[in-house]
Amino acid sequence: MSATDIQAGANSLRSGPDGRGRFGIFGGRFVAETLMPLLLELDGAYKAAQADPEFRRELDYYLKDYVGRPSPLWFARRMTEQLGGAKIYMKREELNHTGSHKLNNVMGQILLARRMGRTRIVAETGAGQHGVATATVCALFGMKCAIYMGATDVERQKPNVFRMRLLGAEVVPVTAGAGTLKDAMNEAMRDWVTNVHDTYFLVGTVAGPHPYPQMVRDFQSIIGVETKKQIMAAEGRLPDVIVAAIGGGSNAMGIFHPFLDDPEVRLIGVEAAGCGLDSGRTAASIERGRPGVLHGNRTYLLQDADGQITEAHSISAGLDYPGVGPEHSWLSDIGRAEYVGATDQEALDAFQLCTRTEGIIPALESAHAIAYAAKIAPGMDRDKIIVINISGRGDKDIFTVAEHLGVKL
Amino acid sequence: MSRIARRFATLRQQGRGALIPYVEACDPDFDTSLAILRGMPGAGADLIEVGVPFSDPSADGPTIQKAALRGLKGGSTMKRVLEMVAAFRAGDNETPIILMGYTNPIEAYGPERFCVDAKAAGVDGLIVVDMPPEEADLLAGPAAAAGLDIIRLVAPTTPDDRLPVVFNGASGFVYYVSITGVTGTRTASTDELAHALPRLRRATDLPIAIGFGIRTPDLAANAVRAADAAVVASALLNTLEGTLDADGKATARTVPAVLEQLRGLADAVHAVSKAVTK
Ligand SMILES: Cc1ncc(COP(=O)(O)O)c(C=O)c1O
């Protein structure tokens with residue numbers, strides 16, 4: 001979409017996916033035949049939109065005046081001082097309308113859905129941030145909207161459920177499985193296959209069948225494109241490290257992608273280690289999973305020896321997913337990005353650190369990225385630079401955090 | 001000639017359509033599902049689909065989802081599924097068995113080893129729900145080498161110009177997903193079928209089975225009037241579910257109830273006389 005993408009040459013790490021929607025062995029289109037013609041149509045419509053300057057102009061208009069872009073790159077002075085090492089910058093995606101990076105992607109896809117003549121939107125959501133963003137644009141454009149959300153997540157993200165309903169969306173709790181994001185994704189796919197004639201499936205992360213991983217990444221890449229300009233303006237050079245939380249991987253892919261061809265920039269994705277990487281209660285698909293096929297793509301998955309998908313666990317509903325976007329699986333295999341874990345407890349500690357030192361209440365998802373940055377910053381020289389992607393704000397999480405702190409609200 | 005081709009050739013000579021019932025492996029336990037499988041040919045099954053339980057059956061409705069979960073609880077693994085087919089094959093060398101499932105358990109088993117072991121167990125064909133022609137290379141080589149048919153799914157959304165893509169590499173028969181939706185929900189109307197079948201016939205000489213939403217003997221008979229075979233899954237699984245005790249265990253009624261329903265469906269299908277062809 002951006003000029004930099006168009007310049008990406010054959011040797012660039014930014015030229016994927018290939019014609020089959022693959023990043024190395026990952027990605028693809030593993031869907032029922034009923035959906036295959038729709039994916040081919042979507043691919044064609046997306047390519048046409050990319051080639052149309054009017055689409056870019058329209059998207060830019062909404063990104064600026066509705067979403068509120070560009071988001072600032074904030075120098076976190078007190079956190080930097082407290083940690084006593086590398087300089088910490090925060091990319092403030094929590095300042096977007098609806099409170100997270102999710103709207104970047106949703107804005108792009110809703111404009112595409114409108115171009116394709118669709119009148120009804122379905123989406124899956126974990127933390128509810130993608131659901132809220134989707135319900136928001138459906139209100140903006142007067143479209144019907146059904147949001148599938150695991151019953152467990154409905155319970156732990158009550159404020160977002162109410163927000164979605166206020167916005168006019170139908171929120172459908174999913175009781176299958178553990179009632180989390182994976183089950184919501186299954187149910188959203190079932191709705192789509194049933195209502196193909198008028199319905200657009202608005203995927204919320206860089207997963208699912210091709211072209212979703214590519215399309216969502218492209219729409220989220222605005223995060224990295226801005227970060228690059230902003231850090232050059234502030235420091236006159238690129239950062240040493242970029243850290244982002246990984247659920248499906250969209251906020252991370254968005255900030256990583258414009259830096260893939262800058263090998264001096266370390267890219268670190270922080271998965272939810274849950275109760276610990278080796279506790280058996282984790283959502284760290286890359287670190288503890290094996291390649292497999294789920295939800296339309298081949299990627300790292302938490303699964304048993306028989307290929308049955310196992311339940312993920314994380315305190316953070318937005319990271320509680322047993323898979324990850326295929327491009328991350330590829331970046332991990334080729335060694336361009338590193339994937340690490342932060343536990344529930346580390347995220348809770350980082351949540352409080354950020355709140356107290358910067359006056360920014362981060363989403364529990366983003367707190368995983370902060371936790372890892374806080375771990376490595378003290379060991380780095382003071383002239384080094386870390387950028388943390390603050391993917392969302394934490395208002396939605398105060399009930400969960402209160403419970404863990406033993407506070408009754 | 002494969003078992004599947006042979007079976008359809010015989011049916012054509014007799015001027016009959018086929019009934020293809022579905023049984024989920026290990027639902028609710030290995031022995032019960034094997035007893036149902038063994039009883040199916042006697043109750044009128046012409047071919048049989050054996051469901052391979054998967055944790056995330058995203059193309060299936062609530063009935064098959066529950067059956068898959070019961071199967072997993074009942075100890076299903078790919079190895080157990082193949083053992084079940086082998087046990088059936090020891091007593092029936094004629095009725096074709098088609099495994100129906102999702103990509104990941106096959107990928108986890110290893111596609112090559114899977115095809116070899118499936119063939120050795122007596123499997124004849126594979127339906128992999130989430131493997132469209134675009135991803136079929138994962139299994140095409142190993143399945144051809146082992147002599148397994150790859151049954152392709154075709155949907156109402158498949159446009160005419162895509163039919164050659166879908167049928168390229170198909171063998172055995174073609175499975176027409178007669179509605180846009182998940183299993184066990186809506187039923188295609190006679191009009192919809194009358195429109196769809198000629199479109200498919202122009203693009204393939206393979207026998208055509210119709211599935212999704214066939215619940216009653218009448219609907220099954222309707223399907224074989226339009227096509228060559230009717231697949232019935234959710235209706236049988238609903239019956240099975242209704243016979244389970246409070247803990248989800250099989251009872252004395254489980255096997256007979258499923259087979260009795262199957263007999264009714266088969267009688268209706270076999271009462272339809274079709275043009276005899278060679
Ligand atoms: C604030 C926030 N950050 C991160 C995520 C994780 O998603 P992704 O990895 O796609 O950015 C979510 C998902 O709900 C979220 O709400």
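Backbone N, Cα and C atoms are what each Cβ position is placed from, and that goes for glycine too.
All annotation found in TrEMBL is predicted automatically rather than curated by experts.
What TrEMBL says about this one:
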- B:Glu49: active site, proton acceptor (ACT_SITE)
- B:Asp60: active site, proton acceptor (ACT_SITE)
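Using a 10 Å Cβ-Cβ cutoff, B:Asp60 (active site, proton acceptor) registers 25 neighbours. Counting Cβ atoms from all protein chains shown, B:Glu49 (active site, proton acceptor) has 25 others lying within 10 Å of its own Cβ. DSSP assigns B:Glu49 (active site, proton acceptor) to a strand segment in the three-state reduction. B:Asp60 (active site, proton acceptor) carries neither a helix nor a strand DSSP state and counts as coil. In this structure, the C-alpha atom of B:Glu49 (active site, proton acceptor) lies 15 angstrom from that of B:Asp60 (active site, proton acceptor).
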